[in-house]
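Visitor: Sharing a structure, written as structure tokens. Questions coming.
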Amino acid sequence: MLKLFSAFRKNKIWDFNGGIHPPEMKTQSNGTPLRQVPLAQRFVIPLKQHIGAEGELCVSVGDKVLRGQPLTRGRGKMLPVHAPTSGTVTAIAPHSTSHPSALAELSVIIDADGEDCWIPRDGWADYRSRSREELIERIHQFGVAGLGGAGFPTGVKLQGGGDKIETLIINAAECEPYITADDRLMQDCAAQVVEGIRILAHILQPREILIGIEDNKPQAISMLRAVLADSHDISLRVIPTKYPSGGAKQLTYILTGKQVPHGGRSSDIGVLMQNVGTAYAVKRAVIDGEPITERVVTLTGEAIARPGNVWARLGTPVRHLLNDAGFCPSADQMVIMGGPLMGFTLPWLDVPVVKITNCLLAPSANELGEPQEEQSCIRCSACADACPADLLPQQLYWFSKGQQHDKATTHNIADCIECGACAWVCPSNIPLVQYFRQEKAEIAAIRQEEKRAAEAKARFEARQARLEREKAARLERHKSAAVQPAAKDKDAIAAALARVKEKQAQATQPIVIKAGERPDNSAIIAAREARKAQARAKQAELQQTNDAATVADPRKTAVEAAIARAKARKLEQQQANAEPEEQIDPRKAAVEAAIARAKARKLEQQQANAEPEEQIDPRKAAVEAAIARAKARKLEQQQANAEPEEQIDPRKAAVEAAIARAKARKLEQQQQANAEPEEQVDPRKAAVEAAIARAKARKLEQQQQANAEPEEQVDPRKAAVAAAIARVQAKKAAQQKVVNED
């Protein structure tokens with residue numbers, strides 16, 4: 001009973017939700033054997049024919065290449081490409097490739113020489129003696145990628161599987177209409193396909209190996225059964241024809257009943273899937289030592305006279321293949337690369353064949369029907385019923401059209417396999433797959449930008465952290481340098497510390513005084529007296545310095561004289577502006593005048609008694625003259641403001657004027673007599689004295705005129721004569737001094 005259950009379990013087939021049954025249209029091309037196509041004159045080999053980054057160029061323009069020679073180096077996930085034939089590299093430039101966008105990609109352009117010479121080939125017939133790593137590296141360096149349509153590097157896929165793969169599935173379903181490349185390959189090369197499957201099994205060491213094939217390929221099924229007749233490690237599973245049973249997730253569920261988790265991979269559940277064409281390419285790479293330079297391509301459609309499957313070299317222009325098959329284009333002819341549901345229309349026919357090219361469909365105008373105009377969605381939910389991934393295409397359509405990327409991601413748009421079943425059943429002829437492709441591309445671009453922004457932020461934060469560390473290190477170095485004293489400073493610091501400790505020790509010692517004795521403070525008193533004497537000496541020195549500076553500086557003397565004159569003028573103004581009721585006492589004024597005369601006589605006597613060698617300071621004389629003028633003006637104002645009844649005697653004034661003139665003459669004579677011959681008279685002093693004499697003369701004249709009583713009039717003639725005499729004497733004194741100076 002247990003064996004019966006195991007046998008039932010072994011051959012059980014599961015069914016997935018959704019799916020459609022379109023016309024197969026496979027009989028147009030699967031009835032004729034594989035054939036070779038003549039070499040083209042020029043080959044265009046894009047550097048990127050797989051998922052991932054392009055390899056590094058290892059050829060240059062003008063190089064001679066052989067078939068199978070690497071054109072790029074494959075490092076990491078970068079898959080190399082190889083020359084499809086022998087010839088010369090004529091250009092390395094961007095060229096439009098087999099892509100829905102028809103964007104230009106960097107390509108190597110080779111002109112064939114027609115000889116089609118191979119590089120030396122080193123096959124590993126005894127591959128079982130090789131290690132797993134060696135086999136994976138050989139598969140990778142020979143450019144083997146998934147030929148079912150995805151183009152994922154096979155070596156990377158095998159490396160990622162590791163030791164956790166329990167089931168190896170070979171996808172031979174080929175469910176899309178018109179395409180028969182795998183069907184024809186299994187019919188003509190079944191033994192080589194099985195040998196490639198065994199190499200994959202040797203690398204992965206799975207518990208079971210399953211080949212899934214649809215029941216609409218009877219010849220291929222019979223050929224595989226014939227090859228597997230004596231094999232018990234490989235199981236051939238025939239499944240019902242249903243589109244898209246060839247999808248990776250759908251075929252995995254059909255054969256194992258396991259579902260690939262959302263956002264995960266089939267390896268997460270212990271399953272790894274490879275295409276029939278990939279298994280054949282692995283056999284040629286490992287056993288025959290031939291890199292992938294060609295693949296099987298289906299040429300079909302009513303616009304082709306000789307449909308079938310051909311061995312097409314990679315890089316062959318599509319136009320060359322179609323012309324070899326008898327292509328008869330119509331006015332609005334279109335050519336589809338791939339099937340009618342998952343393929344795309346080529347913008348022009350000079351694009352090259354690449355590793356993922358499995359079919360070239362050239363339908364007639366009536367074969368696919370007239371293109372229908374897109375209409376509004378009627379919410380019929382037919383797309384949701386047909387979706388094999390259990391998605392909601394209607395909602396995804398609205399989210400994609402409205403640029404609602406977050407909601408589209410939430411509704412698992414990434415799980416869409418772009419099979420086209422929803423668009424096939426849509427009564428409004430909405431190209432849903434195109435909307436979904438565009439939305440996924442935009443989401444991928446947004447995530448790529450976010451990734452770059454995150455990387456830039458991480459780099460910025462790392463840089464900021466590095467700068468902060470460097471700043472902290474600099475501050476620490478500066479701090480250490482500031483704390484550590486120089487060698488010569490250490491001794492001074494040590495000496496200062498020693499003195500402080502000594503003082504502290506002395507301070508802590510108790511003062512002991514014996515009974516009956518007085519403390520000896522003589523040292524303290526002597527120190528205090530010394531400090532006082534030093535302070536007094538400094539003060540005396542400072543005073544001497546200031547006096548010397550005062551005597552030596554003529555500018556300071558001139559400033560002091562100017563200050564004295566300013567004060568005198570201010571005093572005159574105050575007295576002139578005094579109130580009328582505040583009268584100056586004439587007696588007090590007379591006393592002040594007598595004091596001034598006494599000071600003048602005293603000054604004359606001092607000058608007369610001065611030693612001959614003593615020189616009169618001209619600055620001091622100028623200051624004294626200014627003071628005398630100020631006092632004279634003050635006295636004159638006081639006399640003018642005196643009461644009318646107290647009038648000054650004009651005779652007395654005349655006597656005083658005469659006395660003043662006599663004193664002036666006497667002073668001039670003394671100065672001339674006491675001056676040494678070599679000593680020159682200061683012209684400034686002479687001018688000051690002359691001015692004093694003139695001022696006194698004018699003062700006396702004014703006093704006499706203002707204060708004389710009406711009945712006692714002074715003879716004006718006499719006053720004029722006296723003034724003239726005074727002026728003549730002043731001029732004479734000035735001239736005499738000038739002569740003495742000369």
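For all residues, glycine too, the Cβ spot is worked out from N, Cα and C.
As annotated by Swiss-Prot, [4Fe-4S] cluster 1 binding site applies to Cys377, Cys380, Cys383, Cys426, with the evidence given as sequence analysis. Positions annotated as [4Fe-4S] cluster 2 binding site by Swiss-Prot: Cys387, Cys416, Cys419, Cys422. For 369-397, the entry in Swiss-Prot reads domain '4Fe-4S ferredoxin-type 1'. Positions annotated as domain '4Fe-4S ferredoxin-type 2' by Swiss-Prot: 407-436. According to Swiss-Prot, the region 'Disordered' annotation covers 602-719.
Situate these features within the shown structure.
Guide: Cβ neighbour count for Cys383 ([4Fe-4S] cluster 1 binding site): 27 (other Cβ atoms within 10 Å of its Cβ, all protein chains included).
Mapped onto three states, the DSSP output places Cys419 ([4Fe-4S] cluster 2 binding site) in coil. Within the same chain, residues at least 6 positions away in sequence whose Cβ sits under 8 Å from that of Cys419 ([4Fe-4S] cluster 2 binding site) are Tyr243, Pro244, Gly247, Leu341, Met342, Pro388.
In terms of DSSP helix, strand and coil, the domain '4Fe-4S ferredoxin-type 1' (369-397) has 10 helix, 0 strand, 19 coil.
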Visitor: Quick check: of the binding-site residues listed here (Cys377, Cys380, Cys426), which one has the Cα closest to that of Cys387 ([4Fe-4S] cluster 2 binding site)?
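Guide: Nearest in space to Cys387 ([4Fe-4S] cluster 2 binding site), counting only the binding-site residues, is Cys426.
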Visitor: Please give me the CB contact count at 10 A for Cys416 ([4Fe-4S] cluster 2 binding site), counting all chains in the structure.
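Guide: Result for Cys416 ([4Fe-4S] cluster 2 binding site): 22 other Cβ atoms within 10 Å.
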Visitor: Identify, among the binding-site residues Cys380, Cys387, the residue whose Cβ has the fewest other Cβ atoms within 10 Å in this structure.
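Guide: Ranked by other Cβ atoms within 10 Å, the binding-site residues Cys380, Cys387 bottom out at Cys380.
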Visitor: Give me the CA-CA distance between Cys383 ([4Fe-4S] cluster 1 binding site) and Cys422 ([4Fe-4S] cluster 2 binding site), in Å, as a whole number.
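Guide: Cα to Cα, Cys383 ([4Fe-4S] cluster 1 binding site) and Cys422 ([4Fe-4S] cluster 2 binding site) are separated by 4 Å.
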Visitor: How does the model score the domain '4Fe-4S ferredoxin-type 1' (369-397) in terms of mean pLDDT?
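Guide: Across the domain '4Fe-4S ferredoxin-type 1' (369-397), the average pLDDT comes out at 91.
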Visitor: Rounded to the nearest angstrom, how far is the Cα of Cys380 ([4Fe-4S] cluster 1 binding site) from the Cα of Cys422 ([4Fe-4S] cluster 2 binding site)?
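Guide: Answer for this pair: 12 Å between alpha carbons.
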Visitor: Enumerate same-chain residues with a sequence separation of six or more from Cys426 ([4Fe-4S] cluster 1 binding site) and a Cβ-Cβ distance below 8 A; give 'none' if the list is empty.
Guide: Ala382, Cys383, Leu432
Visitor: So which of the binding-site residues is most packed in, judged by how many other Cβ atoms lie within 10 Å of its Cβ, out of Cys377, Cys422?
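Guide: Result of the Cβ crowding comparison: Cys422.
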Visitor: Reported as an integer number of Å, what is the Cα distance between Cys377 ([4Fe-4S] cluster 1 binding site) and Cys416 ([4Fe-4S] cluster 2 binding site)?
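Guide: Roughly 19 Å, rounded to the nearest whole number.
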